[in-house]
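What follows is a short report on a single structure.
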Amino acid sequence: MKAPIPHLILLYATFTQSLKVVTKRGSADGCTDWSIDIKKYQVLVGEPVRIKCALFYGYIRTNYSLAQSAGLSLMWYKSSGPGDFEEPIAFDGSRMSKEEDSIWFRPTLLQDSGLYACVIRNSTYCMKVSISLTVGENDTGLCYNSKMKYFEKAELSKSKEISCRDIEDFLLPTREPEILWYKECRTKTWRPSIVFKRDTLLIREVREDDIGNYTCELKYGGFVVRRTTELTVTAPLTDKPPKLLYPMESKLTIQETQLGDSANLTCRAFFGYSGDVSPLIYWMKGEKFIEDLDENRVWESDIRILKEHLGEQEVSISLIVDSVEEGDLGNYSCYVENGNGRRHASVLLHKRELMYTVELAGGLGAILLLLVCLVTIYKCYKIEIMLFYRNHFGAEELDGDNKDYDAYLSYTKVDPDQWNQETGEEERFALEILPDMLEKHYGYKLFIPDRDLIPTGTYIEDVARCVDQSKRLIIVMTPNYVVRRGWSIFELETRLRNMLVTGEIKVILIECSELRGIMNYQEVEALKHTIKLLTVIKWHGPKCNKLNSKFWKRLQYEMPFKRIEPITHEQALDVSEQGPFGELQTVSAISMAAATSTALATAHPDLRSTFHNTYHSQMRQKHYYRSYEYDVPPTGTLPLTSIGNQHTYCNIPMTLINGQRPQTKSSREQNPDEAHTNSAILPLLPRETSISSVIW
């Protein structure tokens, strides 16, 4: 049924009236061109989409039905881009179809991207607008295209709704849509404060971990429609002005400089979240902005964002004076402001007087630091430094030039077959390792009582004389030494006690193990307090036997300085011939040899050979005994005389006592009386007949 002619005229008038309301943007061939519409369609490949002619949704006050009734026709054209050739669209009716004022794609393909122009016209009027369609693919491994996302912001601890955008064309009014939500393309167990309402996701209390990409998925026929929204969480909108961090508002900051130098004034401030408003921070000198100053040497840097979190920012701006002149000195103010207010703080650029306080303090600080470093090095490596100095620049001690021995070694003698597992290492160290190292490696001359002492009177007086002839007294505190009270000899003899108390001799006490709990240990502590010049050195077991250990360095440091010189063969033989008992040692050794030779002279030949080999092998195994060998002339006789039960006497030529060997004469030249003319009767003490003390 056709409409009455008056009605058509009225409709046409109304339509043309509406066309005149909108301002024209362009005109070509009498057709008004509104260029490209602000609404852009973005879909993923394979999704359906409906493109509506925008003329009926904002450009004219009518709809498609009225326009069609007024005799206007709707035409669609496609072009690749603005200004390109437009060609009419041939609709196939299946994948791409024209339905009233829209074009439907079911589904879209990549080649569907472009500009779609809808034109309504008749013989008198023409109007045109273009709509953009972009078809894209998902990013690799994701369910969305990062260039086709929607963006939303939410304030911390407040509520936020995220809508599934542009799905109105796929919803049925009589049916609730079935929409699935994903976060970062993964299904998620949502917390109770997140609820779903039709096509929206409601977060009742936004948290910082709600930041992310939310994707809604809707099924439409045999197709899937997805929309992705990126949610950004910010701090709550601030209602306070910015806060100045430096310089402070409450006081005037003074910055000193010298004329001709470069000056840099930095202002830092904190800005709360103010939406999309950029922070405003700037410098002024008096009432002038820096840009208004005539000097090009004074300028502002760009605003730098130092920190940013949830929209809150810490920013800074610098005022630079390239070469300070007298006119540049003065008061500069830093201003910060936002929609809630303004704050400012001042810096006084002041000329610095020539003072050397800082330089002097720096120099003194450097010297103090150097002294601290040197003291620390000296504390840690004192012994090594002193040993190095003594070895290269030191001189031997002069106080002990009249003394024959470097040290008197006091220890407890325990035979090796009596060593047990617990004290074996200590005894081996005291009897073997310690003397060997001091004599053979460091070249010290030790007085070892068990080896060097030849009693001439009372035993205690002999020990006192030997200690007096030594520069140091070394006491080796082994468990056996403590149990047997080996130091008692130094307390009994008055001369020895006075030497310890007055500091006449320096004592080196070597503790070989943990002595606490051992019987008589309290007396050891009392002895330490009695000795005036005492050094205690700990021996911590076999690890201290290494040559480079701290133990030997400390011991060498406490011993008298002695340059290590190569020991010749003759010196090695005569190492113990000096001192107050040198001659007696020689005589003792010779007398022992003589006694042994005489005893063997009357023995069976096989017994003599066996005893000779056994004796010398045992004497060489124990280094702390020194053997003296003398070849008795075959024809010589050494008569032995026994007086009582106390001593054994031996007739020895005086030439042997003086350390000389007789020159052998022929039997015709030799005087029969010479063999006994220069002879002497010397006693063989009980010690020379294998009886010796235990503690020395």
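Glycine too: its Cβ is placed from the backbone N, Cα and C atoms.
The disulfide bond recorded by Swiss-Prot for Cys126 joins it to Cys31 [selected from Cys31, Cys267, Cys334]. If you go by Swiss-Prot, Cys216 shares a disulfide bond with Cys164, out of Cys164, Cys185, Cys267. Here Cys334 (disulfide bond) is positioned 46 angstrom away from Cys164 (disulfide bond), judged by their C-alpha atoms. Closest in space to Cys143 (disulfide bond), of the disulfide-bonded residues given as Cys118, Cys126, Cys216, Cys267, is Cys216, taking the CA atom of each residue.
Each of the disulfide-bonded residues Cys31, Cys53, Cys143, Cys216, Cys334 was scored by the other Cβ atoms within 10 Å of its Cβ; the lowest score goes to Cys31. Outside the transmembrane segment (358-378), and at least 6 residues removed from its termini, the chain residues within Cβ reach (under 8 Å) are 385. Taking Cβ-Cβ distances under 8 Å and a sequence gap of 6 or more within the same chain, the neighbours of Cys185 (disulfide bond) are Leu142, Cys143, Tyr144, Asn213, Thr215. Here the C-alpha separation of Cys118 (disulfide bond) and Cys267 (disulfide bond) works out to 57 Å.
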